[in-house]
Each structure stands twice: as C-alpha cells, then as structure tokens.
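Below is one structure, written out as structure tokens; the observations come after it.
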C-alpha cells in the first residue's frame, strides 16, 4: 500500500534514486533563476533593516540620560538661562558637550545633598522634641506665644470705623423745678460719690470692695483677676451724674491697666453685661475710642465659649486658654437661659462697631435654635444642655436664671427701632404664658414652675418685671397696652410691700405667698439684701410712664433706707437680715454703683410728658433736669442708641 503524498507533487521534478551511492548528483555549477530571486529578497531585507536601525534608534546623548537613574527623574533639570553664552560667544544648549554634562551633574548632586541635609536636620529636630519633657514643650510654646503678643503690641490696635455719636440729653441741661426734688437728687449723687471714693481709696483696681475690711476682693464670676469691674461698671453712671473727674480717673485706669490676657476663668454673662456693656455705654456717652477698642478686645476673648456642639455658649470661659465649662450645680452641666439669652444687645452693637458679622451671627443662632425647640407648656425652662441641645430640669421663672432673657427680647425689638418683629413675637408668646397669680390678700405675684409644681414664691430679681411689662405695653398684641401697664403697676405695688413689711424697709432676696404669709421671707437664707436694683428699676419705669408721684416717694424711701442701714465708713454693704433692727453686714459692696444709685437718681429728674406718652418710641427725652436720659439697662445705655439703631440694623 502506497503512502499518500503530504504535499502535491505535480509539476515537481524529483530525481531518480538508485540503490547505490552513484545515484546522487555530483555538483550543480549554476543556481536556478528562482533561487537567485529568493536570495536577492533576503539581502534587500537585511539592508533595509540596517538603514532603519540607523535612523530610528535614540540619539546617544539621550541614551546617556538614563545613566543618571531614577534620581534624574525626581530632580528637575536646571536649564541655562535663555540666551546665556560661553565666553566664546556660542549659545549654551543643554545636552551638548562634556562641559554641560559635567556641570549638570554637579548641580544635581548639590541639590540632592541639600535635600538630604534638610531631611536629616528635620529628623534630628523631631528626635530632640521627642526627648523633651512636657513642661519644656509648654515653655517653648509659651515663648512663641509671647513673641506673637509682643509683635501685636508693637503693631498697636487697628483703628475701628467711626460711629456717629448721639447727643446725650440731660447731663448738664438744668435742674428740676422743685427744690425738694433737687435736694433728693443731690443726696443720691453724694451717695454715689461716697461709694466711689471709698472704692478709689481701698479697692482701686480690684473687682469689688469689702467696705468693712476696707480692701479689695474678687468673686468667682471674675476668677482671680483684678480687672477693675467696679470701675468699668460705674463709668456710665459717673458720666450721667456729672461726676466727670471720677469718670476721667476710671478712663485713665482702663487705658493703662485693663488687660484681658490674664489667666482667669470668668462668667461669660457677667463679663458681657458689666464689661462689654459698661465699655460700650461709656463709649456712646463720651466718644472716647479706648472704650470701644477694649470692648472689642474682650469680645474676642469670649467667642471661644460658643465652641459647643449646639452653639449655646458655656457659662464660664478662660480668657487665656479659651477653654469653657458650665457651673457644676446647673442641672447636669446645662447652660442657663438668663446667661446665654443676655448677650444679644451687646453683640449686635459689636457687629455694628466692627463690621464683623461673627458677633451678630452667634446671638442670632441662639435665638433660631430656641425657636425650633419644643417648650413644656409653652414655657422656656431655665436649663439647656449645650452638648445635646435638650432642656435640663423643667424649672421656669421670670426671676433668677430666666429674667433677663425676656428683658433682652423686648429691648432687642426696641433697639431695632421696632423692626425686629421676631424678637417681639418671641417676647409676646412668652409673656402670655407667664405664671402670674393673685394672692389671697390681693397681691399680684409671679411664681416659679418646678417639675410640674407651681411655687408661690417671688424673688427680688423678679421685681424687674413690673418695669418690663410697662415698657412692653406699647406694641403689645390685641390692644393689651392698658393691661400690661396695669400689670406693671401691680407688680410694683407687690414689690413695694415686700420692702414695707420689713424692719429696715429694704426688701428680702425672696418672699412667699402661702400659709397666711404674703410678701414676707420665711427662710433665714432669704432674708438678706445685697443692694439689688430691680425694685427701684420698676419704680423708675412706672414713674416715667404714669408720672404718679408715689413712685418717686417709694424710690426716696428706699434710698433713705440704703443710706441709713447699708452705709459704712468704707462704702456701702449688704445686710444679712432685713427683719432685724440690729442688722449685721455681709462686708460686700456689690457692683451697685451702676444701676441702683442711677435709678434712684433718675427718679428725681424733671422732663416733659411727651416722652412717656409716646410709649418709649425710641426718642430721647426732652429733659430739663440733670441726668434725665434713660438709664442704661444691664450696663447698656439703651436709649442713647437712638440715632444709630436704623444704621445698625441696615448693616446686619
């Protein structure tokens, strides 16, 4: 069987094979034509390949670049400046000549050496830092901070924009017509001078004065600092009473000594109303730039207190470190309504004075947050946790812990020339829910709500509400102006009774309305009087709105009692028991020069009736007597801002 051919064999010439060796052909003398053709093709391909390699392989100088390795990729090439020439006049082009290559290598080596040296130096510094103790590191940080502070002091404070100053009405514009009224007013002015001179002699520069020990001291609300709280807080009262030499002394101390870089933990609320409010009031009264600058410096120190998860500020802040915290006794670490709710007016004016919106934004955030929250029985509890944004203990009051929150809502509306309708609505909604009750004896009082129970007790602090109700009568909803003015009069009467039913004719810290007792303190720890101004504040408002002479008489009775029972050789002191004919002193001259004596004095100013008939419509009173401008409310000369409120609200 024949094996099939694997390839077609037709047309091919196969030589005949024979069994012997002689059957192989010996030699072919010439190549066939087809073989020549194949050989020519192979030769052509080889030549083409050689020429192609010559043209397409990379230039030898480029190949040399790879000898530099990966470092050349990471280190940028430094080109010669465009147009640079050798001494021979030839243009230097990178990559040409051994000289270029050598210089290039030197530059790269130098750059690599510098990088290595920097790296080693940084590594060594880091190792040295790690070897240092915590105290050494803190000392270095403090040194750097000190250098920065020194540089800032050398630069000096940046000038703030000028502010149009309203004309202060009634400072030196004549005397009251009635001689007895002038005599009473001058007596209160003498009391103010006695308190100031005593502080000037025994406690100058300290926050407060111990009038019996005749030395300065400081409470925990101002930390361990000596920031002259009495000086700052009294400035506006001194100015409005015409005590300009004393005012000048206070200004000089502030210029030379008031420093907020101290390591002191202070109350944000107290520092705001007394320092920022006092400085702003002094600035608006006098136009002295130093007060504005100091107010802004302090405000910057308070801003870290707002660094909480909710934006509700801490009660306390360290002026140096910016670390904040809340009072340990305040309902599971909560912030207090009256404290974080009593920042609005000062912070709005800070934005107006500086153009910095941060101050305004901080306080508006608080208001908007409160507006979104549910309120038990429509009331604002006194405690709010700044971490969780939830209410703490359900304790509601218009007195301590809550009082000035409501006051600032109303005055924010007035300060805006009655355009801040959100503030007015919030105030009205809260007022409608007030815990106003009548006692069995017919006295109107404002109780406190604690954990579902109404406590029939009213504090001295709550007595400010009489003036607040009267102040808010104009603009109240549903024609309730008469109702709120009458309510203010009833509260004023109740608070007067709390004074009149004591031996000293001075009111206790708190008084009850049950068990047959009305407007009388029961507990021993509620019988003290610490020179609080709220009762006389309400007398002042009611006198302005009604011109009823009984409010002047009540104010004079209180002033006489203060002068008789609280005056000592070193100033004025609070008393421990207003029901005792032989009172003991607490040896503390509270910061009362600002409000208490100023309200006493203001009751005895003469003025035209047009002001209160206009319903406090934000116009300065047309006074004919000294000190007839409205007194500052919680350290802010509220009614002296008349000419600036429209511009203020337009800017923010």
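Using the three backbone atoms N, Cα and C, a Cβ is placed for every residue, glycine included.
As given in TrEMBL:
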| type | residues | note |
| --- | --- | --- |
| TRANSMEM | 37-57 | transmembrane segment |
| COILED | 105-147 | coiled coil |
| REGION | 153-180 | region 'Disordered' |
| ACT_SITE | 270 | active site, proton donor |
| ACT_SITE | 403 | active site |
| DISULFID | 463-495 | disulfide bond |
| ACT_SITE | 509 | active site, proton donor |
| ACT_SITE | 534 | active site |
Proximal residue to residue 270 (active site, proton donor) among recorded positions 463, 495, 534 (C-alpha distance): 534
Residue 509 (active site, proton donor) and residue 495 (disulfide bond), distance between Cα atoms, whole Å: 11
Cα distance (Å, whole number) from residue 534 (active site) to residue 463 (disulfide bond): 6
Alpha-carbon spacing, residue 509 (active site, proton donor) to residue 534 (active site), which is rounded to whole Å: 11
Between residue 534 (active site) and residue 403 (active site), the C-alpha gap once rounded to whole angstrom: 11
List of residues, in chain order, with Cβ under 8 A from that of residue 403 (active site) and at least 6 apart: 338, 397, 461, 462, 464, 465
Fewest other Cβ within 10 angstroms of its own Cβ, chosen from the active-site residues 270, 509: 509
